[in-house]
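> Can you read through this structure? Questions will come right after.
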Amino acid sequence: MVNEARGNDSLNPCLEGSASSSSESSKDSSRCSTPGLDPERHERLRDKMRRRMESGDKWFSLEFFPPRTAEGAVNLISRFDRMAAGGPLFIDVTWHPAGDPGSDKETSSMMIASTAVNYCGLETILHMTCCCQRLEEITGHLHKAKQLGLKNIMALRGDPIGDQWEEEEGGFNYAVDLVKHIRSEFGDYFDLCVAGYPKGHPEAGSFEADLKHLKEKVSAGADFIITQLFFEADTFFRFVKACTDMGITCPIVPGIFPIQGYHSLRQLVKQSKLEVPQEIKDVIEPIKDNDAAIRNYGIELAVSLCHELLASGLVPGLHFYTLNREMATTEVLKRLGMWTEDPRRPLPWALSAHPKRREEDVRPIFWASRPKSYIYRTQEWDEFPNGRWGNSSSPAFGELKDYYLFYLKSKSPRELLLKMWGEELTSEESVFEVFVLYLSGEPNRNGHKVTCLPWNDEPLAAETSLLKEELLRVNRQGILTINSQPNINGKPSSDPVVGWGPSGGYVFQKAYLEFFTSRETAEALLQVLKKYELRVNYHLVNVKGENITNAPELQPNAVTWGIFPGREIIQPTVVDPISFMFWKDEAFALWIEQWGKLYEEESPSRTIIQYIHDNYFLVNLVDNDFPLDNCLWQVVEDALELLNRPTQNEREMEAP
């Protein structure tokens, strides 16, 4: 791809097919020594715990289990994203031997934990059991976990298949064997957690014997302990004292189970072989068929237990057994004052917790609303841009062949998407209306609100409210916006709408607008843009690869940056012309993959979406004069006015 000569307002391609998806080499990133904006990104889990304990800052963590279905996997990842907002220190994912836990299936323990780390940015512990497995299998699972970016393992024996425990020849028989093997094979790479049983393991000969086994696990290399659930604070206090007397000094985190239903309580008690206190039974039995009443009681009980634990000074944090539900646990945490939705962001985009991405601090703006897709397409990179985007000539983005990978799939089912986007489209204007309703928040003619688009699976970003009226006006006229940001000139980094990074800094943005529009509008835009050559950078491309840009030598353009005390300037978001050509493949494909395929082939609705896909252009505009008023709206308005201006023949026909 080369620059189109300035002043040429035709849509002849500069170079067709100039960028194609490839993953043959890693991104040539120009690394620098820019200090990390978020210290926790660079810390091991055990170090995060230690720092929190030294400061007295209590934490919470959450346990989940793998779902049984692909749809359940999509829902669980959505739940991860929602519950991440409260600020858990980590989550853990259980190991289900019956569910092929180490496989690449979307319902496997390995894939769910990997997704939490890579695509949800969550510090994650993967449970791993050693019963009924050969040494080679266990070692293979651990190597795979390391490759996927998992750095924390909860080492467990696991439950036997059937009622009787049988030793595995050539395998491990106890959790301590697994701990020793991990330390022997992987050194200090993994942080290791082990289980503690406040009333003793049901298969142990005695409470004292079980404590001895726990001490062996810690001595073998375990970093911290998470306990089985319990119902009374004194049970935990006695356990901690016994551990201390035994010489166990690592953190001991209590496991909390908010009772959420009669049947789930019975099932969990059966599995854990715990006895429910009589006073709890007396309350639950009369209301066992009233789930809401039991849940409310469970919340009250959990809050009371947690208050008692926290007041003791013996508890560094709380670990919640969620049963893959969010309401009860979230409510308990809110009542405890531990659920903290901090609007501050380390960077303007969603982070990944994969160790090799710890230094990453620059991304193209195009994937702002599809961060999981960006992470997927760059997963094979060996290094990630740090300090600046670097050499733009050789980014290698992997192909997005499968739009239905569970962590990239829309959170909304097909039936709901049809209700939002239209069970029947009658014209291009029907599509315009969907974009307008997404921005306005108004229900459509069938009473359904449009809460997502193929390019935006989340509600509108807070900063979009600063542009809402202008966006509504242009979308009504066929400027179908999928990404935008206002110009910002030195707002505090603590600003709740546009702020990011450490406190005490200032953030800046160039105005940015990205949209689909018709060829006719694109041609009018090019004529108008002649007047803005030195101020506005533009790039127009269609699905065939025809493109026109005035980007100087195809260099990346920093559109977001921040200045912070004692640090170099951070520029986390760029408009990169080369990356835009990779993004356009994905952006155009979403018309068909997520919208068009909702309709039958050859149907009028499918034909309309196909026409837009085949004929519209994807455009991005950058206003480089960020201290001045945003000129992009005037550019678009002038283009629309030019487009709607009567031709010479029309004027002659209208003349008297």
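Even glycines carry a Cβ here, placed using N, Cα and C.
Predicted, not measured: the structure shown is a model, and the values here were computed from it.
Below are the features listed in Swiss-Prot for this protein:
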type: REGION; residues: 1-46; note: region 'Disordered'
type: MOD_RES; residues: S10; note: phosphoserine
type: MOD_RES; residues: S20; note: phosphoserine
type: MOD_RES; residues: S21; note: phosphoserine
type: MOD_RES; residues: S23; note: phosphoserine
type: MOD_RES; residues: S25; note: phosphoserine
type: MOD_RES; residues: S26; note: phosphoserine
type: MOD_RES; residues: S29; note: phosphoserine
type: MOD_RES; residues: T34; note: phosphothreonine
type: BINDING; residues: E63, F64, F65, P66, P67, R68, T94, W95; note: NAD(+) binding site
type: ACT_SITE; residues: E63; note: active site, proton donor/acceptor
type: MOD_RES; residues: T94; note: phosphothreonine
type: BINDING; residues: 94-95, H127, 157-159, 174-175, Y197, 201-204, D210, K217; note: FAD binding site
type: MOD_RES; residues: S103; note: phosphoserine
type: BINDING; residues: D159, Q228, Y321, R325; note: substrate binding site
type: MOD_RES; residues: S394; note: phosphoserine
type: MOD_RES; residues: T451; note: phosphothreonine
type: BINDING; residues: N456, A461, A462, E463, T464, T481, I482, N483, S484, Q485, T560, T573; note: S-adenosyl-L-methionine binding site
> Once near-sequence residues are set aside, which residues in the chain of R325 (substrate binding site), 6 or more away, have Cβ atoms under 8 Å from its Cβ?
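Once residues fewer than 6 apart are set aside, R325 (substrate binding site) is near Q260.
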> In whole Å, how far is T451 (phosphothreonine) from A204 (FAD binding site) when you measure between their Cα atoms?
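About 53 Å separates the two Cα atoms.
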> Would you pick out, from the recorded positions S103, Q228, T451, N456, S484, the residue whose Cβ has the largest number of other Cβ atoms within 10 Å?
S484
> Based on Cα coordinates, which of the following binding-site residues are within 10 Å of E63 (NAD(+) binding site): Q228, Y321, I482?
Y321
> T560 (S-adenosyl-L-methionine binding site) has how many other Cβ neighbours within 10 Å of its own Cβ?
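Step by step: centre on the Cβ of T560 (S-adenosyl-L-methionine binding site), count other Cβ atoms within 10 Å, giving 26.
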> Pop the Cα-Cα gap between Q228 (substrate binding site) and Y197 (FAD binding site) into the table, whole Å please.
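Taking the Cα atoms only, Y197 (FAD binding site) lies 5 Å from Q228 (substrate binding site).
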> Taking only the residues the record lists as binding S-adenosyl-L-methionine, namely N456, A461, A462, E463, T464, T481, I482, N483, S484, Q485, T560, T573, what is the largest Cα to Cα distance between any two of them, in Å to the nearest whole number?
20
> Select the closest residue to T451 (phosphothreonine) from the following binding-site residues, measuring between CA atoms: P67, H127, K217, T464, S484.
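Checking each of P67, H127, K217, T464, S484 against T451 (phosphothreonine), the shortest Cα distance is to T464.
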> Where among the binding-site residues F65, Y197 do you find the Cβ with the fewest other Cβ atoms within 10 Å?
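Least crowded of the binding-site residues F65, Y197, by Cβ count within 10 Å, is F65.
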> Where K217 (FAD binding site) and I482 (S-adenosyl-L-methionine binding site) are concerned, what is their Cα separation in Å, rounded?
53
> From the Cα of T464 (S-adenosyl-L-methionine binding site) across to the Cα of H127 (FAD binding site), what is the distance in angstrom?
40
> Work through the binding-site residues one by one (R68, K217) and point out the residue whose CB has the fewest other CB atoms within 10 angstroms.
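With the binding-site residues R68, K217, fewest surrounding Cβ atoms within 10 Å: R68.
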> Going by a 10 angstroms cut-off between Cβ atoms, which of the binding-site residues E63, D159 has the sparsest surroundings?
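So among E63, D159, the binding-site residues given, the one with the fewest Cβ atoms within 10 Å is D159.
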> Between N456 (S-adenosyl-L-methionine binding site) and P67 (NAD(+) binding site), what is the CA-CA distance rounded to a whole number of Å?
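Between the Cα atoms of N456 (S-adenosyl-L-methionine binding site) and P67 (NAD(+) binding site), the distance comes to 25 Å.
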> What's the longest C-alpha separation between any two of D159, Q228, Y321, R325, the listed substrate-binding residues, in angstrom?
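If we measure all Cα pairs in D159, Q228, Y321, R325, the largest is 24 Å.
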